[in-house]
Amino acid sequence: MIENRPWLTIFSHTMLILGIAVILFPLYVAFVAATLDKQAVYAAPMTLIPGTHLLENIHNIWVNGVGTNSAPFWRMLLNSFVMAFSITLGKITVSMLSAFAIVWFRFPLRNLFFWMIFITLMLPVEVRIFPTVEVIANLKMLDSYAGLTLPLMASATATFLFRQFFMILPDELVEAARIDGASPMRFFCDIVFPLSKTNLAALFVITFIYGWNQYLWPLLIITDVDLGTTVAGIKGMIATGEGTTEWNSVMAAMLLTLIPPVVIVLVMQRAFVRGLVDSEK
């Protein structure tokens, strides 16, 4: 029997409310700043009451971009979406097929190949990123969607997760498929893929957010303003030296940048949670 402790309930709810407040208050301040004009946003202290310039600020960056030499913000949003979706689709496809081959095909040194993939997790990003940039430059893929997305499609983490899931699938499924005369790809498409849908949903959300939040890679690969992404664009709005940052425009751009990943999480919330729970069973 669980003992009822009112003080513990009050304490846990208080901590929950404080945690939510700590998370939401900066977002509220950003929203308020996005609704103010240039003068009001620099007032000390800045008001916490929303203003009336939100649509004006959004229209300004939507049409004129985030700086004197930048593409319109809608273009940056489109580039970020193409980048995130391409990375997600490619990462899931490559990782799933790699794990399928490692688990279900009996070929020499297959475990060695897996550990060669897995050991890349031990290398810091800083160690891998500059050789990757050199390869992309030699392949003439700078300033292109291919250079922006292809190097980020390989994932040791996703391959490991799919491998662990495939290993718990019963061998009877393979035997039944062989008796029915199914080819490996038929077995993959008709049996393995449907059983992996919850894991796919969880990985889709995580990978999309990972691709959407990329900052350093686009900064190294892209010099064409028409291929710029939102995260790098927002960083470019923050002035250095004696320049003045238009924080109302920065916060408006940040709010627009939040919308796509939030929509993805809300739409796939059930499948995302179910995928995380099922993967631990």
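Here the Cβ of each residue, glycine as well, is placed from N, Cα and C on the backbone.
Per Swiss-Prot, these features apply:
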TRANSMEM  16-36  transmembrane segment
DOMAIN    77-268  domain 'ABC transmembrane type-1'
TRANSMEM  85-105  transmembrane segment
TRANSMEM  113-133  transmembrane segment
TRANSMEM  142-162  transmembrane segment
TRANSMEM  202-222  transmembrane segment
TRANSMEM  247-267  transmembrane segment
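Most Cβ pairs within less than 8 Å of the transmembrane segment (247-267), among stretches 16-36, 142-162, 202-222, belong to 16-36. When Cβ-Cβ distances below 8 Å are used as the criterion, the transmembrane segment (113-133) is approached by residues 98, 102, 151, 156-157, 159-160, 163, 216-217, 220-221 of the same chain, each at least six residues removed from its ends.
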